[in-house]
Each structure stands twice: as structure tokens, then as C-alpha cells.
């Protein structure tokens, strides 16, 4: 049975499949999906973590006290995976210091703090309304310079994803947004359908791909209508409406749904000729190329019954979560939880002082009634419900046992790294086992072991290099001593063969004296060297070895 | 007569196989004992000498020669388990005589107190300390294995062993410690009662 419907006229029905597992949690997208995106007043400060995405952080270009324009570059892009960061509004750099980041650990990271001046003064913009006569490499550069990362989830730098030089079968634009509560992409599609399609065409031009699949879940009728109208009669873009099921918006799940092909374990969609981009990313690419605006803001869904004004907002990157809550009529309960991301994949924020980053799509402030805190973990009863719903066809209960036993080899054999952490298994677990938590922990541990291993290898090499150096130095020292001893012997022989010079006339005296001095120096040297050899620690030479 | 034939046949066979084996022993000679390499691979390479041997490789050699597998505190339980698997023996608890399993540490030199004696440089098994005579020394942090060997030789006691701070990318999803990471005044969400 086909799992996909279409509203467009012409498309190929024979390439449609379905993915295993999945769950149907309550959607709760209302009222956020039916309210227009609001703009909030500027916060008192913006906190921009230097590292917002996978990969190393860039070099900071500004100093405390600098005045910056809106859109001015704050960091230089790193080497391979870096992305530059831009000032989301004009203002003054108040500090460059460590601040807690939007990460479940709450560990502080280097961040640039801006105090907005409220002028919204733009720096230079290089708009490029007609990109068709521009080279693709230049467009990729512009996307990179605009600091665009995938706005759907992992935040992978978009230009690097686009730059893969492989022929594409399909470019997939992901507007599925399957996680409950979140309606940021939904609202964006309703209000900015034309911009998203324009962005899609840019992506299409960059990837030289003539088939675009635009996927939307069937619980977003307004967005489907808007996008269908924007596509109009463009035959290269096909609108695909997928049935509501969580997690059909996952990259590999959606690919299976749309094409019937599975992305092999450990491979990328690129390897089977597919590329997926989020609708938010398509919008950001359009702003970057046509308007010359870097990625400065994103749509964030503010929802949960602890908020009076639920809906979507345009949040500048770096806006503290507390500011968003304050502007939405926040009525916290006792032990109020604030979740970044959705209820399935998000994490509870350790503090509301953390900022919005490029991948923040939702801030959820649920009451205890609507989203009760999980109960105590009970024993696994091996009911198998988790493996029925796993979209990656893993065995969650087995992974859980292995994770608890810390059997990392076996975990990798059971494809732990194919887990997309969608949370479907934990959602259905009757024993309320926080399964995903165990997987995250195990993944972190496996990565750590790999890192330690690399470090140990490095230490071993350095140790061996040092042993070699010490051995070499020892040999050199022995050689020196041998030479010195020979010298000494020779001198003594000379001395013995020469007639006694003490009774010689006065004009020969200086020569004899200098010979005696030289002999004394040689003796002292030999003694010193012998001493050093005894200690077996020639300080100077080893220090020199370290310097070099 | 048939007995004679059998003896000759077996003798000839023995001779042929003897030649083949002898040839193989010379031709495919294994230079180092591969088990030592395998053990060395498992050991944490801190080169700390807590096991009583001057480095990880000598200890690997000792294990191969029959020494106990529970003398490596930096490796801890995980290393003992792997060694037990490899050697086909029962894992044992860590031998207290050689120290206890501890958190990962790195050496930090309090630089204004350093007198530039180079003693720590000579002690460092992985050349992770940089400096010269009468010049300030410093530790190359990412090369430091936390072996502790530089602390004792320092005449002015200016080397500290500091626990490695977790970074977001190395954090182990230990949710109990989250509150410690956040400054006390900003936890968790302000609650209006």
C-alpha cells in the first residue's frame, strides 16, 4: 500500500515506500500553527556562542567595546567545518566570555555578548537578485559566508552539504515537521511560501538537480495550500504530502517514504544520490543570495500551557530564552521544566539564561498536567513494543541491556549509531525506561573511547620518540667521552715525549704555560663529563632536545 | 618387507615436512611477539610507571611473560577486562598496591613560581613539557597523559595535577552533574510561587 498521497498533478507514484515503526503521539500543534509569526522587542543582551554547529569554532574578529552593525561578521569561518557568525542587530560588544550554552550539560562556552542599541543599522549588504549568471562556486561561497547551517536539526553547515560533487537524483525539501508541538516550519511555509520556493530554486541551481521533492505532512493543510500555490506550474518541483506519523521528518525516514530506498547504515543520503534540506534552510538561502542578508534570526515556536501567548516568533540568534518567555506571558509552576526542541527529541534546559542558537526550533514550557514528568524507571518486561516502533529497525531493548552493561563493542555491532534518538521507543515503553538517555550516554562514551584511543596512540608515539632520542643522546655522549679520552691520551704522550720544559729559558715559558692550562681545561672537562655520565642525566642536552 | 616400505615412506614424508617447516620458520619469522603489541594497544599509554615498569610497553612485555593484569590504575577496570579477554584469564580487581583508579588529570605548571630547572622536562615520558634552563616551563596540555611523574622532581612544588574539565563535546550525559555546571544563582528556571 502506498504511504504517500499527492496533491500535484504529475508525479511518479511507483517510487513511494514506507518506513517501519513510528508512533502517533498527540500533535498539539494548535494554537501555535494558526497564529502569525510575531516580532518581539529587542532583548537587553544577545549571547552568541562562538560555536553553534558541528565542528570547530571560528576566530573572533571583534573586541569588547566595538560598535557593530547588523549583519557584521563576528567570527572568521574555521577551516573545514566552520561557519562565520554575524551580529544579529547593531549594538556594542559588551563582553566576550564563557556563558552557559544551549546544551543539556549547561557547560559554559566562549560567547560574544552584544548590547543592542536599537538602531537596527545595517552594514554592507551584497544583494544578488539575479543569480543565474553567477558561478556555482561563488554561490556556495555566499551561502558559507552567510553562516547558514541546516535549520532542521543537526545544524550541519549548508554550503558543505551542497558542495558534494555528485550527481543528484532528487533534491528533497523537508517541510514535514513531525514532532508534536513544533509549528515553526508550518508557519514559515504558510507566510513565506514564495520565498521558500525561491530558495528551493537556488538550491536546485546550485546542485544542478532537475527534480525536487517537497514533502509536507498532511496535518498542515494551510501550508500545503500555500506551497502548492507558490510552486504553481513548475514541473520540476513536486509536492508530496506524507501521512502524519512520527518520525517521518527524519532524514532517512523521509527518504524511505519518498523514494522507497534505504540509506545504508553508516552512509549519507548523498551516497544514493539524494540531498535533503529543511524549508527554513531554503528560506535562509533565499535571504542570503537575493537580499544579501546573513542568517541572523529564525522562527521559534513558543508553546506549552505555562505560556499565555503561544505561537511563533522571529527570534534573533542569541536571544536569551528568558526574554522569549517573558514576552509570552510565562506563568511558571513549581518545578517548571523548559524544554528546548520538542517533547520527543528535546532536552530540558538547565537554565533559561541560555540563548537561541541556529538549531533552536521550539521552546516548550509545559504544565505538569499536560506533559507529566516521567515516573520512576521500572524493569524491562521484554514486551517488544520498542522494537515495533523503532524507525531504524533496531532492537531498543537489547541496546538498553548492552548500554547498561557498558558493552560498547556489542553496542556498535547492534548499530547503536544508526539510532536517530527520535524517542519513539521511550514513548511507548510501559516501564517508563528513559531509553534514549541510555543511548545518548552510550554514544558519548563510545566517542570518548575513540578519542582516548587516539590520544593513547599519540602518547605512545611520543614516548617511543623520546626513548629513541634518549638512546641517541647517550650514544653521542659516549662518543664524546671516547674522543676526549683519546685526546687526553695523545696529549699525555706528547708531554712525556717532550723534554722537560721547566728548566728552559724564559721566552719558552709562555708556550709551556699555555699547554699546561689547556691540559687542565681538558682534565676538568673530562671530569665534568664523567660526572654527568654517572648521573645519567645530562641536563643541558635533554633540555635542548625538548626545545627543538 | 612391507614394514620396511612404510618406514621409508614415513621417513621421507617426515623429511619433506621437516624441510618445509624449517624453511617457513626462517622465511616467515616473526620479529616481535605480536601478543605484546596487542597488550600494548590496550594499555592507556600514560607511561606513568605505576605498575612498576618503566612505561606501558615494558608492562605489556611483563604481562606477556606472565605478570598480573591488574597493575594499571589509569586503565582501571575497563583495561583489566580487556586484558582478561585477550589473555584468557579471569578479570581481577585492581591491585591497590599500585594506586587507585582516578579521574583523568593533566599537569599544570604555576608559571610565575617556575625557576626553570628542567627537572620536570627530564621526567616527562611523552615530552609534553616545554622550556629551557632558567626559562619558564609550560605543559602542552593536550599531550599530557596525567602520569604524575613531573610532580615529584619539582624542587619548588609548582606543578598541580588538575582534573580535566568536561567540554560540551566530551560531556557524558550525566544529568546529575548539570546543576554543578551552572552558577548557583541561575538555576534552574525561576519559579514564582
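Any Cβ shown, glycine's included, is placed from N, Cα and C.
Curation does not apply to TrEMBL; its annotations are automatic.
Since this is a predicted model, take the numbers as computed values, not measurements.
Listed in TrEMBL for this protein:
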BINDING   B:48, B:51, B:56, B:72  [4Fe-4S] cluster 1 binding site
BINDING   B:124, B:144, B:147, B:150  [4Fe-4S] cluster 3 binding site
DOMAIN    B:31-89  domain '4Fe-4S'
REGION    B:1-25  region 'Hydrophobic'
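On the structure: features taken from TrEMBL.
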{"residue": "B:48", "record": "[4Fe-4S] cluster 1 binding site", "CB count, 10 Å": "20"}
{"residue": "B:51", "record": "[4Fe-4S] cluster 1 binding site", "CB count, 10 Å": "26"}
{"residue": "B:56", "record": "[4Fe-4S] cluster 1 binding site", "CB count, 10 Å": "29"}
{"residue": "B:72", "record": "[4Fe-4S] cluster 1 binding site", "CB count, 10 Å": "27"}
{"residue": "B:124", "record": "[4Fe-4S] cluster 3 binding site", "CB count, 10 Å": "26"}
{"residue": "B:144", "record": "[4Fe-4S] cluster 3 binding site", "CB count, 10 Å": "22"}
{"residue": "B:147", "record": "[4Fe-4S] cluster 3 binding site", "CB count, 10 Å": "26"}
{"residue": "B:150", "record": "[4Fe-4S] cluster 3 binding site", "CB count, 10 Å": "23"}
Measure from the CA atom of residue B:51 ([4Fe-4S] cluster 1 binding site) to the CA atom of residue B:144 ([4Fe-4S] cluster 3 binding site) and give the result in Å, rounded to a whole number.
19
With residue B:150 ([4Fe-4S] cluster 3 binding site) as the reference Cα, tell me which of the binding-site residues B:48, B:51, B:56, B:72 is the closest one.
B:48
DSSP-derived helix, strand and coil totals, residue by residue, for the domain '4Fe-4S' (B:31-89):
30 helix, 0 strand, 29 coil
Are there binding-site residues in B:48, B:51, B:56, B:72, B:147, B:150 whose CB lies under 8 Å from a CB of chain A, and which ones?
B:56
Beyond the site residues B:124, B:144, B:147, B:150: chain residues whose C-beta lies within 8 Å of the centroid, for [4Fe-4S] cluster 3:
B:107, B:120, B:123, B:125, B:126, B:128, B:129, B:139, B:145, B:146, B:148, B:149
Do me a favour and check the Cα-Cα span between residue B:147 ([4Fe-4S] cluster 3 binding site) and residue B:51 ([4Fe-4S] cluster 1 binding site); whole Å is fine.
12
Taking Cα atoms as reference points, rank the binding-site residues B:48, B:51, B:56, B:72 by distance from residue B:124 ([4Fe-4S] cluster 3 binding site) and give the first.
B:48
I'd like the per-state residue tally for the region 'Hydrophobic' (B:1-25) from DSSP, helix first, then strand, then coil.
24 helix, 0 strand, 1 coil
[4Fe-4S] cluster 1 site, defined by B:48, B:51, B:56, B:72: further same-chain residues with Cβ within 8 Å of the Cβ centre:
B:43, B:44, B:46, B:47, B:49, B:50, B:53, B:55, B:59, B:71, B:73, B:74, B:75
